[in-house]
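In TrEMBL this protein carries:
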- E6: active site, proton acceptor (ACT_SITE)
- G36, G37, S38, T39, Q40: ATP binding site (BINDING)
Amino acid sequence: MNGTDEGVSAWITINFLTGSLKTPGGSSVGMLDLGGGSTQIAFLPRVEGTLQASPPGYLTALRMFNRTYKLYSY
């Protein structure tokens with residue numbers, strides 16, 4: 001699994017466990033995974049400028065529970 005997928009999976013896990021995915025449009029939490037040889041960060045950008053300024057490959061569209069999430073993951 002590459003780092004982007006690892007970050008997305010961790011974001012889904014933490015937001016599912018905190019109940020953040022139950023309410024459409026509700027708040028979510030970002031996550032940092034500080035592992036042995038790598039670090040992942042994943043969050044749901046709230047500012048359109050973040051989406052536009054993100055380097056190619058750092059944004060991932062994820063469809064889940066009839067909603068599309070645009071995650072920043074690196």
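Note that Cβ sites are derived from N, Cα and C of the backbone, with glycine treated the same way.
Recorded features from TrEMBL, shown on the structure.
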| residue | record | contacts (Cβ under 8 Å, 6+ apart) |
| --- | --- | --- |
| E6 | active site, proton acceptor | D33, S38, Q40 |
| G36 | ATP binding site | none |
| G37 | ATP binding site | none |
| T39 | ATP binding site | L32, D33 |
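Neighbouring residues of the recorded ATP site, listed in sequence order and excluding G36, G37, S38, T39, Q40, comprise G3, D33, L34, G35 (Cβ within 8 Å of the Cβ centroid).
Between the binding-site residues S38, Q40, the minimum number of other C-beta atoms within 10 Å of a residue's C-beta occurs at S38.
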